[in-house]
Amino acid sequence: MLILLPAVDVVDGRAVRLVQGKAGSETEYGSALDAALGWQRDGAEWIHLVDLDAAFGRGSNRELLAEVVGKLDVQVELSGGIRDDDSLAAALATGCARVNLGTAALENPQWCARAIGEHGDKVAVGLDVQTIDGQHRLRGRGWETDGGDLWEVLERLERQGCSRYVVTDVTKDGTLGGPNLDLLGAVADRTDAPVIASGGVSSLDDLRAIATLTGRGVEGAIVGKALYAGRFTLPQALAAVAE
């Protein structure tokens, strides 16, 4: 069954949602802790917790994120600004189930390989993809820099033994524009590692569509704006993917 990961994106201690990952496009939804506890109460088994300040290189919510992880009984995937030994150690020390490496995997392949080697399935790599002139390009640092060709980087990560990928279509994220099923399927077909879908989910039918890819290796879906905007409730979403 498809695993659902409600997203809590944190800016200055508050839960927010961005449009296409752009700084300044935030809509605020209250305290990060309250948001996370709310999703747990609604039946989430995983929370996707993102430090957007760290991702954009403008600060950190490290202590708060550790507090949130400590107060939750469910598993947490922690993301945002994890790009060196210090930030990786701090992220793992929160007690989260796993961390997502983003920019670091693109900018520092040697460090990324070591992190994957040392921490195994506690490390996933985020593949933030933008299609430009028919080419799948990766985006780094809050999606503002080019990180190379998707397939070349994926091949490298496969050799390094990456245990899981979180695939985001940057053009879809926060837009409620529907997920990029072709991209998800294409990545899943090129790896034996599980893939988590991120970006664009707008309806229960979108989740049902992603759920049809579980046989190809798509393990879960991160859901953000659709939940916060009230398109559906988490219990409705959990029921839809259990059908």
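Here the Cβ of each residue, glycine as well, is placed from N, Cα and C on the backbone.
The active site, proton acceptor annotation in Swiss-Prot covers Asp9 and rests on sequence analysis.
Per Swiss-Prot, the feature active site, proton donor maps to Asp128; the stated evidence is sequence analysis. DSSP assigns Asp128 (active site, proton donor) to a strand.
For Asp128 (active site, proton donor), the number of other Cβ atoms no farther than 10 Å from its own Cβ, over all displayed protein chains, is 25. A separation of roughly 16 Å, to the nearest angstrom, links the Cα atoms of Asp9 (active site, proton acceptor) and Asp128 (active site, proton donor).
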